[in-house]
Structures are given as structure tokens and as C-alpha cells.
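Undergrad: Encoded as C-alpha cells, here's the structure I'll be asking about.
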Amino acid sequence: MQLNSTEIAELIKQRIEQFEVVSEARNEGTIVGVTDGIIRIHGLADVMQGEMIELPGNRYAIALNLERDSVGAVVMGPYADLQEGAKVTSSGRILEVPVGRGLLGRVVNTLGAPIDGKGAIEADGFEPVEKIAPGVIERQSVDQPIQTGYKSVDAMIPVGRGQRELVIGDRQTGKTALAIDAIINQKDSGVKCVYVAVGQKASTIANVVRKLEEHGAMAHTIVVAASASESAALQYLAPYSGCTMGEYFRDRGEDALIVYDDLSKQAVAYRQISLLLRRPPGREAYPGDVFYLHSRLLERAARVNENYVENFTKGEVKGKTGSLTALPIIETQAGDVSAFVPTNVISITDGQIFLETDLFNSGIRPAVNAGISVSRVGGAAQTKIVKKLGGGIRLALAQYRELAAFSQFASDLDEATRAQLEHGERVMELMKQNQYAPLSVADMSVSLFAVEKGYLKDVELDKILDFEAALHSYMNSEYAELIKTINDTGNFNGEIEATLAEALEKFKATQTW
């Protein structure tokens, strides 16, 4: 087809008429100082707190200090080649990370970019890392359990869906092990999990990922990794990124669990940034807003009501509540829970699981100190059968500790005291549990029933765990229907009690442990 000159002129005229001049006004500033990942920018007006600033080389910084004639920003990534005099521009955007089901089974960095070598991630969208927590009216009370699979936790310190339960203890006391087992135990519960690793060795994070894969838990888990080699900015932001990824499920009427491992290292990273920004130091050289650092993060873990979910999904999801349960981890120094960051987080959370070095070294693992560990939600978030059978466990342990200390000085003890001591010893022994072996509700109930009803009285102390393993095996093969009923309903009635008693009598008669 041949076009003549008139048609060509007409086409050009149409194009000129349709042409729109799009002018985009953008703030530009100049870097006047670069120090340890902190840049000071002059001439950048109208910048928001937390706004992303575009740097040369397709990099970003986040504005944290807004001063009269300059802006202090922290660089996200390498900064060695940044020079004074370089031009930067404001983006008008707050930092966002990818969210969605495509992240499940993947290992990502703070910005949501994959670091596991499995290719690109298909995200459902992007959401800001900093969000306002749901208000009081949008929340619902916590009354559904989230099973950790640990006898000592589920019986004495129950965790509910939407709760914030602190895991606190010295280094090497099993804090990460407890959190990882809680994630493994959600395999068949439909709860999506997020594991945020802050300031840990890359080899440690790789080991955690390997264990999750071995136990089939990676399919329902997102791992957000900000290792010790990452910049302080990425370590500080990692928990917020992970929280946004977990909120995706909460806001759509699902249940999610997030583990922050650990918030002590996040506080140290934030202290480093604050001191470099020349903010005035306070107690232990932390900045004045370190409480707000953790409170605004942990308040986002909540159980939201049906109206919130319905409004958020614009009516797509109805009649469902959503929850985000948080297990923040705090590392103490020589058991000092009265330090600045531990006391802050204890006051924010709904209870704490305190792990003790002495218990750990004496072979009691998980090393839960039942005396000062507490759940402020309590029995409201417990399965009925575990609540009924585990009610006397904490009391038995408390009495045992008191009597054990007293019996060291007393030579002759009366029969009742000796019986209490022996019962306490058996409870202590039964609370021991191997790593990567979380128990189902039914198996846990069988163990609690055995100790509560006195079936362990004549079992030697060093044979109790063998007895328990053999009992679980026997119950799962001979009473599979009962085990299924307990796991499905969690109820406890006279019929179940009678069947459990009959099963234990039969099992003890076999002498197979």
C-alpha cells in the first residue's frame, strides 16, 4: 500500500494534535556526606519520613532524619562507591515488599527478592512494610489454640491464635529449636508460617531451611533472611517485611504464625543506625524510641474479626476471622531479664516462655522454667482435653521444686511428702521432649492422662520416656479411632476417659517398654 504525501501530512498532524506533554516534577538533592551506610543529603525538600530516595546505580536509601536543611538517610545495600556531590531524587513512595502465596516455600531477603536460587517469585502484589495495626474495634478475643507440639508449652503456657508470646533466654538454651518445632507442627493445621532471621550466620539460616525442608514444613513457610553480613538497615527492616508478608494471610481470613529470631539483634541494628544519625542515646545507648520500634511491630500481630476481613476483601471472604500469631525471640545476657530490651518486650507481649541455662544443662529440654513462664491468654486458648488433663502439671512442678529444696536438709520425710516428690520427678521427666518431634493433641493427651491418673507411679524414672514412646505407638495402632476423635474434636468426656483408662491398663499389662 502506497501512501501519498497528503495522507502522510495528515497522519503527522493527527499525531501532533494528540501529543501530550507529561511533566513530572521531582525533588533533587545532593549528597554532602557518606558515613558507614548513612548519607546526608542537601536540597531535598518535601520528603516523607521513611520515603525511598533514588540513588545512582539503581539503589535506594530510606529517609529517617528530616532536619532543617538536610536529610539523613540509610542506604539499602552497598554504599562504598557513593560519593559526595552525587545527585539523588525523591521517589514519593514508601518501601514496599511483594506478598502472596507465591512466597511460600521460598527464602527471600528483606526486600522480598529471592535468594534461594529457585527463580523469580510470582507475587500477588506489593504492600508497604510499615502499616498501622488493627484498632480495638477490628479485633476479636483470642480463643483458638495454636499447638506448638511441646507438652510443657501446650499444657502450662498455651499460645492462642493472634497472641504475642515471647520466647526469652540466654544463648544456646533452645529458643530457635522451640520456634522451629512450632512451625513444623503447623504442617497439617493450615496455618501459614513466616520465619524472620535477623543478624544470624548465613550457615545457621541455611541449616534451619534444611530442617524445615526435611520435615515437610517449607511448603507452608516463608523465610525472610537478613544475615549478620547484611547492612544494619536491612537487619532493622527485616521483621517489618516479614510481618507484611504474614498480614497478607491474616487480612484474608486465614491464620498465620510469625517468628522473629531475634529482636535483640534488630534493636542492636537500630541502635547502630540511630547513633550514626547522631540521635541522642538513652539507656544502654539505645535511642529513645526503641520501645516504639518493637511495639509498632508486635501490635500488628492480632486476631481480626469477620467485619474486618469482609471489608478488607470487599465481600469476597465472609464469616471468617483472621489471625497473625507472633513468637518474638529475645536473647538475655546471663539470665538478666531486667535489661532494657527484654523488659520492653515483656511489657508489650501477652506472656513469655522463659528458657533457663541450668535446666538445659541438666538435661531438661525444652528448658522451660514453669515458675516465671506465663501466658496471659491462658486456658481460653487451650484444647479442652489438654486443659482438663494438664491443669495439675504446673502445680505439681511448683510443689516439687519447693519440696526438693526442702528435702535436701530433711533426713526423714513423711509418706505424703515423698509421694509428692516422686510425682513431681515423674512430671519433670515426662516434660522432656526431643527436638523436631512435636506431638499431636491426642499423643500429648495420652501422656498427660498417664501421669495425672498415676499410671507412671511404678515406672522407673529412667524408663518414663521409653514408656511414653511405646504407649504412643500402641495407642496409634490399637486405638486409632480414639486418637482420630481426640485430634479432630479436642473434647474430653466420661466415655473418652473410660477408654483411655482401659487402654492404659491393657498397655501396662503388655510390659513392652
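Glycine is no exception: its Cβ is also placed from the backbone N, Cα and C atoms.
Dumping what Swiss-Prot says about this protein:
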BINDING   G169, D170, R171, Q172, T173, G174, K175, T176  ATP binding site
SITE      S373  site 'Required for activity'
Undergrad: Other than G169, D170, R171, Q172, T173, G174, K175, T176 themselves, what residues in this chain have Cβ atoms within 8 Å of the centroid of the ATP site's Cβ atoms?
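TA: The surrounding set, listed in chain order, is E331, L355, T357, F360.
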Undergrad: So of Q172, T173, T176, S373, which of the recorded positions has the fewest other Cβ atoms within 10 Å around its own Cβ?
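TA: Result for the recorded positions Q172, T173, T176, S373: minimum number of other Cβ atoms within 10 Å at Q172.
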Undergrad: Among the binding-site residues R171, K175, point out the residue whose Cβ has the most other Cβ atoms within 10 Å, with all shown protein chains included in the count.
TA: K175
Undergrad: At 10 angstroms around each C-beta, which of the binding-site residues G169, G174 has the fewest other C-beta atoms nearby?
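TA: Among the binding-site residues G169, G174, the sparsest Cβ neighbourhood within 10 Å belongs to G174.
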Undergrad: How big is the Cα-to-Cα gap, in Å, between R171 (ATP binding site) and S373 (site 'Required for activity')?
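TA: Cα to Cα, R171 (ATP binding site) and S373 (site 'Required for activity') are separated by 17 Å.
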Undergrad: How many neighbouring Cβ atoms, not counting its own, are there within 10 Å of the Cβ of D170 (ATP binding site)?
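TA: D170 (ATP binding site): 18 neighbouring Cβ atoms within 10 Å.
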Undergrad: If one measures from the C-alpha of G169 (ATP binding site) to the C-alpha of S373 (site 'Required for activity'), what distance in angstrom results, rounded to a whole number?
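TA: It is 11 Å, counting Cα to Cα.
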Undergrad: Round to a whole number and give the Cα-to-Cα distance in Å for the pair G174 (ATP binding site) and S373 (site 'Required for activity').
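TA: Spelling it out, the Cα of G174 (ATP binding site) and the Cα of S373 (site 'Required for activity') are 15 Å apart.
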Undergrad: Measuring Cα to Cα, how far is Q172 (ATP binding site) from S373 (site 'Required for activity') in Å?
TA: 18
Undergrad: Taking the Cα atoms as reference points, how far is D170 (ATP binding site) from S373 (site 'Required for activity') in Å?
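TA: A Cα-Cα distance of 15 Å.
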